[in-house]
Every structure is written in structure tokens, then in C-alpha cells.
Amino acid sequence: MCIFPFPHFPRKLSFTCHYAMSLLKRRKIRAFTVLFCIVTFTMFLFSYTLHDPSLYFFKYPFRLPDSFFSKGQCGCQQCMTELDDDPWFTERFNLSVHPLLTRRNSLLTDDTYRWWQWLQAEQQPANFSEVVEKLFQVIPDADLYMDAGPERCRTCAVVGNSGNLKGTRYGTLIDSNDVIIRMNQAPTSGYEEDVGSRTTHHVMYPESAIDLDNTTSLLLIPFKTLDLQWIISALTTGSIQHTYIPVQSRIKANRDRVLIYSPTFFKYVYDTWLENHGRYPSTGFLSLLFAIHICDTVSVYGFGSDHYGNWHHYWEENNMGGAFRHTGVHDGDYEYNITLLLADKHKIKMFKGR
Ligand SMILES: *[C@@H]1O[C@H](CO)[C@@H](O)[C@H](O)[C@H]1NC(C)=O
Ligand SMILES: *[C@@H]1O[C@H](CO)[C@@H](O)[C@H](O)[C@H]1NC(C)=O
Ligand SMILES: *[C@@H]1O[C@H](CO)[C@@H](O)[C@H](O)[C@H]1NC(C)=O
Ligand SMILES: *[C@@H]1O[C@H](CO)[C@@H](O)[C@H](O)[C@H]1NC(C)=O
């Protein structure tokens with residue numbers, strides 16, 4: 001209130017008085033606001049440095065950690081999803097399609113089931129939902145890795161089997177990742193210097209299976225209902241010895257770490273990322289897309305041909321050039337193009353080898 005003692009004073013002045021009073025009030029508020037901001041900021045800095053045992057801010061007052069002003073959505077410097085993401089990528093990348101089969105997502109649409117059964121034209125498949133039920137009595141039913149967020153920085157290496165790994169000495173670099181994905185027959189023993197020695201996930205199907213150590217997750221890509229029956233059998237009774245070719249009847253693997261590639265995700269990779277090129281995606285491409293969905297950064301090793309243009313495995317002598325690119329089922333050129341495009345858009349880092 002502004003009590004003005006001179007009633008004959010021009011109204012204008014009275015108005016000015018009102019204005020001055022309110023300005024004074026506002027100033028108080030402003031002063032308070034500024035004080036409040038200073039206190040909050042100080043407290044924030046304090047709690048921030050307390051969180052960080054290295055007292056980061058005091059040690060490096062002009063350098064904040066990657067996650068602090070990260071424009072992405074994870075704790076790494078570069079994240080799989082960024083705020084200013086490329087439209088080509090965002091049109092395709094769909095985090096709500098989960099890569100691993102669980103009881104919850106095991107009910108396939110008719111479309112997906114029909115496509116998936118068509119892959120290897122299985123005759124008289126067993127009842128899918130009954131097999132899935134038996135499967136999850138043997139292996140854990142867990143929806144893993146779907147924990148993307150500002151706190152997470154999961155670094156992954158996808159290690160293909162190309163001969164271009166020979167002589168690269170990538171081993172230490174590969175082993176420094178949180179997740180290391182290898183596939184099919186890939187050995188590490190004897191090749192550690194170039195390919196590393198750790199494997200957290202080994203991707204395979206019954207016809208390409210090998211024994212694993214206790215710490216590695218077996219990631220099975222099923223192409224038919226029989227493949228799910230095979231993994232149950234291979235971890236228990238060993239009764240299935242044949243699919244369309246003879247297969248290992250038992251497998252050494254930690255059954256608490258066995259994971260199943262979801263047929264729904266499989267079809268999503270084929271439809272969305274390959275736009276139906278080839279008959280179905282290769283193990284390498286399926287592994288890459290798995291990594292892209294569960295990791296924050298993805299490094300790719302051992303994809304593509306070697307520097308002579310030859311396609312062969314790093315553990316084999318190079319005497320069958322071209323044998324792996326044109327198998328008739330995979331469109332290797334198209335897959336490789338998409339892989340290069342992902343690298344162009346900084347979604348993956350390609351280590352091209354020699
Ligand atoms: C992502 O996948 C979910 C689940 O399959 C689907 O409902 C949704 O439409 C997809 N989103 C896009 C943008 O394609
Ligand atoms: C598969 O088994 C489930 C449960 O036993 C049953 O409800 C379903 O009808 C069966 N499906 C087919 C195609 O036979
Ligand atoms: C493998 O790991 C499981 C637990 O995940 C354990 O029960 C089992 O004894 C281990 N086996 C070997 C051979 O170390
Ligand atoms: C790969 O990309 C190149 C250039 O972008 C294009 O010319 C070529 O046709 C593509 N190959 C396939 C198989 O799509």
C-alpha cells in the first residue's frame with residue numbers, strides 16, 4: 001500500500017509511487033531469486049562432486065564429464081540415440097521391439113510365425129507355445145539389457161569372422177569392451193592377438209554350434225521350432241542329433257546364460273533394416289542389430305572382405321574367395337551397404353582390418 005499524504009497531487013505521481021513500491025517488491029523478489037539460484041547451484045555442484053569420488057569439478061573446473069552435457073541419451077560421449085538424430089536412422093530404429101524371446105513376447109503374430117516357419121520350410125512343426133513353455137523351464141525367462149538411460153554406458157564389440165582380422169592386433173581393443181559378441185565357429189584360442197580372448201555372447205544356430213565356457217552367454221538364433229527343441233535337448237537329454245544335417249546332440253554352455261533371439265526381432269531386422277533383401281539376414285547382420293539395440297556404442301570388427309577382396313574366415317587359409325558373399329540366402333552386398341551407412345552416420349565404428 002502507498003499512502004499518499006497530498007490528495008491534490010497529480011494522479012500521475014501517485015501512480016509513480018505505486019510503481020516504485022511494486023518495483024521495490026519486485027527487486028526484493030529478484031534479489032531473493034538470485035540468492036536462491038546461487039545457493040541451488042552451489043548445492044548442486046557440491047552434491048555433484050560428492051557423487052564423483054574423484055572430485056571431478058575441483059580437479060578439472062573447465063572440463064565436465066561426458067555425461068554432463070551429453071546431447072545423447074546415455075552415459076557415453078556418443079550414444080546410440082542422440083537428440084539430433086538422423087531421420088534415416090530414427091525411421092528404422094525401434095527400441096520397443098525387444099531382441100530376446102521371453103514368455104511375454106513369445107506370442108507371435110500369424111504373419112511373423114508364417115514368415116519364420118517359411119525360412120527353413122519346416123515340415124510338421126511342434127506346437128510353438130508348448131515348446132516355448134518347456135524352453136523357459138530349462139533356461140531363464142528374462143528381458144535383459146533394455147535399460148538404456150542417462151546413467152548407462154555399455155560399450156560393445158561385434159566380432160565377425162572375416163580374414164581381414166589377420167595381423168591387425170585388435171585383440172586388446174576388442175577385449176576392452178563391456179560386451180563382446182562372436183558368432184558361429186569363431187575360435188579365439190591361438191588368435192588372441194588379433195581377435196581378443198573374451199567372449200560375453202556367442203551367437204549360433206544348431207548347425208553352427210560349438211561348446212562354450214561357463215561365463216559366455218549362448219545366443220541362439222532359431223530358424224524353426226525344432227531349433228528351440230534342440231537347445232532344450234542339447235542342455236538336457238541330448239536326444240536330438242539331427243535337424244536337416246547332423247548336429248551336436250549336447251552342448252557345453254551355462255544354461256543360466258542361454259538367450260534366444262526373438263523371431264519377431266528377426267523379422268523386424270529383415271523387413272525394416274534389409275527391406276527384404278536376400279532370403280534372410282546373415283548371423284553377422286543379426287548380431288550387429290542385436291548390439292545396436294542393447295548397447296550405447298558399437299564397434300564392428302571382422303566384417304567384409306580382406307584387402308585382396310577375399311571372403312574367408314580368419315582361422316582358415318584363404319583358398320575359397322567369394323564363397324561367403326554369394327551363398328544365395330543372404331544379400332551380403334546390401335547388408336554391407338547398410339553396415340557402411342550406419343558407420344557413416346556414426347552409429348557404429350568400423351574397424352576394417354587388413
Ligand atoms: C515399433 O514397434 C512397435 C512394436 O512392434 C510397434 O507397435 C510400433 O508401431 C513401432 N514403431 C514404429 C515407429 O515403427
Ligand atoms: C498349442 O498348444 C496350446 C496349449 O496346449 C493350445 O491352446 C493351442 O491350440 C495349440 N496350437 C495348435 C496350433 O495346435
Ligand atoms: C557355471 O556357473 C554356474 C552358475 O552360473 C554354476 O552353478 C556352475 O557350477 C558353474 N560350472 C562350472 C563348471 O564352473
Ligand atoms: C550400395 O551402395 C552403393 C552406393 O550407395 C550403390 O551404388 C549400390 O547399388 C548399393 N548396393 C546394393 C547391393 O544395394
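FYI, residue positions are counted from 1 along the chain as it appears here.
Backbone N, Cα and C define each Cβ position, glycine as well.
Computed from a predicted structure; not experimentally measured.
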Disulphide pairing with C156 per TrEMBL - partner from C37, C74, C295: C295
According to TrEMBL, which candidate in H293, H313 joins Q120, N161, N184, Y244, Y280, G284, G304, H330 at the substrate site: H313
Fewest other C-beta atoms within 10 angstroms, as judged across C295, G304, which are the recorded positions: G304
Distance [Cα-Cα, Å, rounded] between G304 (substrate binding site) and C156 (disulfide bond): 19
Cβ neighbours within the same chain of N184 (substrate binding site) - under 8 Å, at least six residues apart: N161, V203, M204, S208, I210, T283
Close in space, distant in sequence - Y280 (substrate binding site), Cβ under 8 Å, 6 or more apart: L119, F223, F266, Y270, V329, H330
Same chain, 6+ residues apart, C-beta under 8 Å of the C-beta of C156 (disulfide bond), given in sequence order: N177, D178, V179, I180, I181, A291, I294, C295, T297, V298, S299
Those residues of the chain, 6+ apart, with a Cβ under 8 Å from that of Q120 (substrate binding site): F223, K224, Y244
Residues Q120, N161, N184, Y244, Y280, G284, G304, H313, H330 binding substrate per the record - widest CA separation, whole Å: 28
